[in-house]
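Visitor: Here's a structure for you.
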Amino acid sequence: MDQDEIDLHTIPPDASWGPHTDSAFHGVEFLPENLGEAPNETEMRVNEKYSSLPAEEKGIHIINIRAIEDIGYVQHESTLLNSLSRDPDANCKYGLYFRDGKRKVDYILVYHYKKSSMGRTLTKLIHHNDASARNTKLDHPLPGKGASLDLGESEPQMDYHEDDKRFRREEYESNLTEAGLELERDEDTKIHGVGFVKIHAPWHVLCREAEFLKLKMPTKKVYQINQAHGLLKKINSVIQKITEPIQPKVAEHKPQTMKRLSYPFSREKRHLFDLSDKDSFFDSKTRSTIVYEILKRTTCTKAKYSMGKGEGRKKETALLNKRRKCGKYGITSLLANGVYSAAYPLHDGDYEGDDVDLNDRKLLFEEWASYGVFYKYQPIDLVRKYFGEKIGLYFAWLGVYTQMLIPASIVGIIVFLYGCATVDQNIPSMEMCDQRNNITMCPLCDKTCSYWKMSSACATARASHLFDNPATVFFSVFMALWAATFMEHWKRRQMRLNYRWDLTGFEEEETDKEKLTWKDRFPAYFTNFVGIIFMIGLTFAIVFGVIIYRISTAAALAISSTPSGRSNVRVTVTATAVIINLVVIIILDEVYGCIARWLTQIEVPKTDKNFEERLIFKAFLLKFVNAYTPIFYVAFFKGRFVGRPGDYVYIFHSFRMEECAPGGCLMELCIQLSIIMLGKQLIQNNLFEIGIPKMKKFIRYVKSKRQSSLDHEEHMKKKQRYEVDHNLEPFAGLTPEYMEMIIQFGFVTLFVASFPLAPLFALLNNIIEIRLDAKKFVTELRRPVAVRAKDIGIWYNILRGIGKLAVIINAFVISFTSDFIPRLVYLYMYSENGTMHGFVNHTLSSFNVSDFQEGTAPNDPLELGYEVQICRYKDYREPPWSENKYDISKDFWAVLAARLAFVIVFQNLVMFMSDFVDWIIPDIPKDISQQIHKEKVLMVEVFMKEEQGKVQMLETWKDKEKKKVENWNNHSPRLSRSHSGSLSSCHSYHVDV
């Protein structure tokens, strides 16, 4: 028989079985005592890679059988009572440890297998003595009660695909064992058809990998952190007392006065590190990270596999004797191919219940992931300790962003209240509401629409003043400086975290995955370009469709038989169109996310970091266009290409382009922005994040309950930790979390001139969002693998880009969307008394109704009760009695020149102020810079003392040797010459060392 083959037919049907009990096992153990003919060494080799018990005899397979009645074995009464008195699950803390209760589970691999029709579970704990040899595994279901063990008679039908997966798992797990990891398998679970492989990293593996990964670990050297003195110390003390009620009650959040010096771990310098408690030296986050790195780089190897005789066995052997590999990427490839269904580290334990031991997860749930502590600071250090630096940085950034929204919200509320307080003193809106002016406006559509009074738009004009007032310009400048200050504040906060988390010298090491030429990558790049252009074009087409809907709906409502329908045309059309846009944006966001991932995958980026950055860029580009295209249309295009009465611009020769209200498009822009922003936050960010995970969890619960009802014995068992975590949602990365906040940041900064309350709504959303995300990470998601990171990556560059773009967009919104510039031009160039009286009449042009094109005049010209000769429309054009009637007037060019001048001045002034803020605030706080320098000096001192200690030890040894030589010379002068020569050579040798 070949080395890699297992023939189960060598087991005779009359094999006798003896009891073997142990508290570390879940059931009762049985050993084959008489297997007929003598097996060779390869056939009966013991596989110890899954076991927690030492194999005492070579050639014995230990099989853990759940149902002892299946083979007719009757247990002694004393043995049965002894086994029932112990709870092995409690000994291993319900899955947090191996069966021996000593080795901690650092990682879990999950796979699916097919159970036998008897519904019984065969749990295998197989031992292997030689880690370098190929591992074999007995994996065959035992028959039911009273059945024969002659497997050749009732040979089950084989599933080649499932056996191939099982074979690849065995090879992969064998290589993991060779890498030093310890494994234990468990298929005796409540989850039907799901097996688990528990992984433990022993001490020597942790040390080896920590050195390889250059993990900074705490040394024995402790130093005092520089504290503030004088007045600054008193101020800090007062601030700490004031903020004490809003501080989380965790040890990691308390101010530190002492800090351990950290240094990249080295096995040669283990004496430098604090190894007083080896169990806690590598915490659970670090242990899972180390195991994951081993899983990523471990691959499958060549092997053969056979199950027995017969024609079906020959076909199977021919299929499986091929050379196979798990792929170059280890566990990533195995998960993608379905060999394993999941891989994750375990949570520390339960987070609810009075009898639950205190652990980091429970502490996070109580002090961070609860809505009742929304007013408290986040325990960022504990978040980093449990989830890793990358997730810790995300929540730290989200906390800083939310804090910075507080002053922006206060200023936005002040601007809004200023608009409310001055609305009754606003002369243009008062003129529009004054019915005595008797201004008759031209129809809003052809035929069906009639003439209307400007005073009917009074409410819109008054509402526009709330957001279109002189304070809006100040708020736009303030928000531009706020964005620059926020970025600088975050950089300083990030450096403090890098110092506290020992990331100051950390650099990510990336290795190329694939080396492809530009000819190989050109088809993918071309597909990306065409795909992105198509998606952007699709977004524009949908926005254009919504425009057609607005125009056609407005025309339909204009001929409504009800007066209320005709009077609320603008409100109805705007509200329904915005809701349609919101629904489309939410749907396309999900579609674009999947398309961006697919486009990035076909590019085959060189490194994982490169893959993530390209994915983020594509997803952000598509979602940015999707979210802001309707807003850009209202802000910069609506009402710009309408034409004039008698010469309107038509779409498809049927529909007239939309016009802005007499008060301008700023109010409609505010409505559009507020509904899309609030709708995305409420539906997409909060409802989806709460509802979808709850629904998925409920579906998994129903399925598991339905399956477990088939086996009452399994259903009554308490779930292991890895079973509970398996029912949680897998972690999908931080890209969705960052993306929703970045889009929100755009709403807050890009069009803030039209919606000063945007920071307030963002603040309220983020207060909920922090606790919602925290609860999701602690209770709804499997524990993610901790990833080291020193910054937030490409997201910082995106934020800077949005901040710069916001200056330009707000300049154009103030200049072209609002009436701020036309009011200034009228006030200083055309006003007779230096006031705004007459401004509305100045912005309206006149039209002679006799100049309507044929078929476009109102069907009911006497709807107002009198015959109209001249109607007004908003534009700067020559009157009908002018020689160049209806041409662009010189007032238009004066206003346009003022608008362009304002854009240039505003943009350059605000950019200069932002760069000045960036320059005046240092990126690294002075105290942190001093502490980093102090750490370097202390580390040099530690090594100098170590070298000095070695030299002193050597000198002491040399002195002792000299004394020995002198004593020998005094007692045996005849041997002094020969001994002196040998000792001198010994001295020289040690000095060289």
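Cβ atoms are placed via backbone N, Cα and C, with glycine included.
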Visitor: Tell me which range among 29-54, 133-158, 159-184 TrEMBL lists as region 'Disordered'.
Guide: 133-158
Visitor: Taking 571-595, 896-920 as the choices, which stretch does TrEMBL tie to transmembrane segment?
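Guide: My reading of TrEMBL: the transmembrane segment range is 571-595.
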Visitor: Have the transmembrane segment (471-490) and the transmembrane segment (741-764) got at least three CB pairs under 8 Å, pairs 6 or more apart in sequence?
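Guide: In contact, yes.
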Visitor: Apart from its near flanks, which chain residues at least 6 from the ends of the transmembrane segment (525-551) lie with a Cβ under 8 angstroms of it?
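Guide: Residues 573-574, 577, 580-581, 584, 588, 592, 595, 599, 602-603, 618, 621-622, 625-626, 629-630, 633, 651, 655-658 contact the transmembrane segment (525-551) from elsewhere in the chain.
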Visitor: Go through the chain and flag residues at least 6 beyond the ends of the transmembrane segment (615-636) whose CB is under 8 A from any CB in it; none is fine as an answer.
Guide: 528, 532, 535-536, 539-540, 543, 546-547, 578, 581, 585, 588-589, 592-593, 595-597, 599-600, 665, 668-669, 672-673, 676, 680, 735, 738-739, 742-743, 746, 750-751, 754, 793-795, 798, 809, 812-813, 816-817
